[in-house]
Amino acid sequence: MSRSYSFFSGVNNLTSKYELCQLPDFRPCCGVFQRRSSVVASPQQVQTVTTGSNESMAENAEKQQQDLIAPGVLDEGGNEVEVPKKKPLAFYLAFLAINISTFVVSLDATALAVAIPKITNELNGTTLEAFWTSLAFILAVVVVQPLYTSISDVVGRKEPFCAGFVFFAIGSVVFAVANNMAVLIVGRLLQGLGAGGLDVLSEVILVDMTSLKERPKYLGFFALPMAGGAVFGPIIGASFSEYVDWRWIGWVNLPFCAIATVLTIFFMRLRPIDQKFSVKIQRLDWIGMVLFAIGCTLFSLPLSWAGVMYPWNSWRTLLPFLIGVLLLLIFALYESKPMEPVFPYRIFSNRTAAATIIGGTIHGMILYSTTNYGPLFFQAILLQSPFKSAISVLPGSVSVIGFSIIAAIVVEVVRRYRWIIIVAWVFAASGIGLWALWGDNSSLAVTASTQIIFGIGVGTLFTVLTIPMQTSVKDVDDTGIAAGALVSFRLFGGLIGLSICAGVFNNVFEQNIGSLGQLPPSSEKLKDIREVIGFIPILRVVAIDMEPGTLMRILDVYRKAFFAVFLTLGGMGAVGFLVSLFTKEISMESEDMGRQALEDSS
């Protein structure tokens, strides 16, 4: 937003807050509003100011003044203590709407992860198509998130938020009726177009609705629906795919979308932005949006197919990748020019913001990659069913969510975040590094304990990284943009992480499967790298009649591929730890709220 707009918006907020034109108990002095010792004007004072007024008018004036001032509470010394204003019912119903949006996106993402092998096998999909069920979703989310943030900052939050539910619901229907992998991926793409708005705007709206001082408490509450989605998602997805029909993973989203949309329409009454629609549209950074969307797409596509469809040194891999990098560089340089840039330079103007953005990107690389490769490991190496693999990843899911809540409580109590972030990165990096030690003989105690170590770090970062990003901005109206930027970069990291891990997995598997020589007819398909993921459900069946030595060699090929993925993610976590050392501690005591907070219904 322009500086002039921020200034006048701030003045309007102050005017609305203190009712300057009506209350005599505030007077401007050197730009600061000071309270006078006399809170309510007496009838005599009113008569002095309004000569010729009668006693009745003076009494009415006094009554109006008393009605406008909230009753105070006195402490033991007789001094007036400020009492926090009670939040209206609309606040809690609007908060429920954004929590439902978080729940349904989390539920959908984690439910699909455990069902991918069965879906791929049933629809005769390839390994690349299996990976693209997640990549298409994340790509769409990454591309549209900054667009949602930028558009909502100009035209308002409510309409884009509702549009997110519509796209997500349409995508869920397309996913549920898909009869081939291409249609299913289109459905995931549409879901991503909606989830991008729901994911980022839920956090941005929470920032608008709460002050920085009270925000850690609500971030803790905000983690609960994510907990429900992450914990129940794998179980629901596995149950549907194994005992009912995997298509219900899409159908189950619709009632949640309907309920949340109704709550949003009727109870999310945010302060409007007082400008003509044509003016709002002109302020949007359309060129920046296009550059970012095309750049992200061209950057990520070749990372997923390199070494599988085309060699790394092929022009089909290098050309789109280099064009994508070039467009992203042009985008970064161009962002200094628009009135309402997608990512304003001012929110990256200090080292804390820069370190947090880099940390958020790495956090996304690790988080979204483990969500996909964790269940796959248990199904491929330990030959577990989708339902049992969903149970096996529960220690990680529960610890991620549990510590995202615990971290919010700790920050609320200690009012510090820097050392919490540093320690969290130690847990995250070491935890995922220990996953590389998993094998076909790993016990439940080993897999569960290492998942918990990982979950402590990643869960803590999920909540606490939002705090320095918001404390680092100079203008309270930029906190929503800052929160949205962090979410966008986290998802961008997820896109990069999934693309890199797909390339690592495919290349390591292809290198090692060739060394096995002749395979039994039942597993000959593994020579084709495109069949690796779809073959996982079949592997559990053919393993019964396969020679133990041959089975162990095949499982070892899978294990080496997962080892490479987990080791790569561990290295990313180590970089995240080093970057976190540059974070500074900044005060969290601001009580200001953004210009699109809930309207006062009183």
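For all residues, glycine too, the Cβ spot is worked out from N, Cα and C.
Automatic prediction, not curation, is the source of TrEMBL annotations.
Quick look at what TrEMBL annotates:
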type: TRANSMEM; residues: 89-116; note: transmembrane segment
type: DOMAIN; residues: 94-588; note: domain 'Major facilitator superfamily (MFS) profile'
type: TRANSMEM; residues: 128-148; note: transmembrane segment
type: TRANSMEM; residues: 160-178; note: transmembrane segment
type: TRANSMEM; residues: 218-236; note: transmembrane segment
type: TRANSMEM; residues: 248-268; note: transmembrane segment
type: TRANSMEM; residues: 289-312; note: transmembrane segment
type: TRANSMEM; residues: 318-336; note: transmembrane segment
type: TRANSMEM; residues: 348-369; note: transmembrane segment
type: TRANSMEM; residues: 389-410; note: transmembrane segment
type: TRANSMEM; residues: 417-438; note: transmembrane segment
type: TRANSMEM; residues: 444-467; note: transmembrane segment
type: TRANSMEM; residues: 479-505; note: transmembrane segment
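Simply put, out of 89-116, 318-336, 348-369, 89-116 has the most Cβ pairs sitting under 8 Å from the transmembrane segment (128-148).
The list of residues near the transmembrane segment (89-116) in space but at least 6 beyond its ends in sequence, with Cβ under 8 angstroms from a Cβ of it, reads 130, 133-134, 137, 161, 164-165, 168, 172, 191, 195, 198-199, 201-202, 205-206, 209, 218, 221-222, 224-226, 228-230, 232-234, 236-238, 240-241, 246, 249, 252-253, 256-257, 259-260, 263-264, 266-269, 371-372, 374-376, 379, 386-387, 389-390, 393, 397, 533, 598, 601. The transmembrane segment (348-369) and the transmembrane segment (289-312) are not in contact, since fewer than 3 Cβ pairs between them lie under 8 Å (pairs 6 or more apart in sequence). Same-chain residues lying 6+ beyond the ends of the transmembrane segment (444-467) with a Cβ under 8 Å from its Cβ atoms: 203, 215-216, 219-220, 223, 226, 356, 359-360, 363, 366-367, 370, 374, 378, 392-393, 395-408, 411, 417, 420-421, 423-432, 434-435, 437-438, 483, 486, 573, 588.
Panel annotation: around the transmembrane segment (289-312), residues 127-128, 131-132, 135, 139, 142-144, 146-147, 150, 318, 320-321, 323-328, 330-331, 334, 342, 492, 495-496, 498-500, 502-503, 506-507, 510, 529-530 of the same chain, lying at least six beyond its termini, place a Cβ under 8 Å from a Cβ of the stretch.
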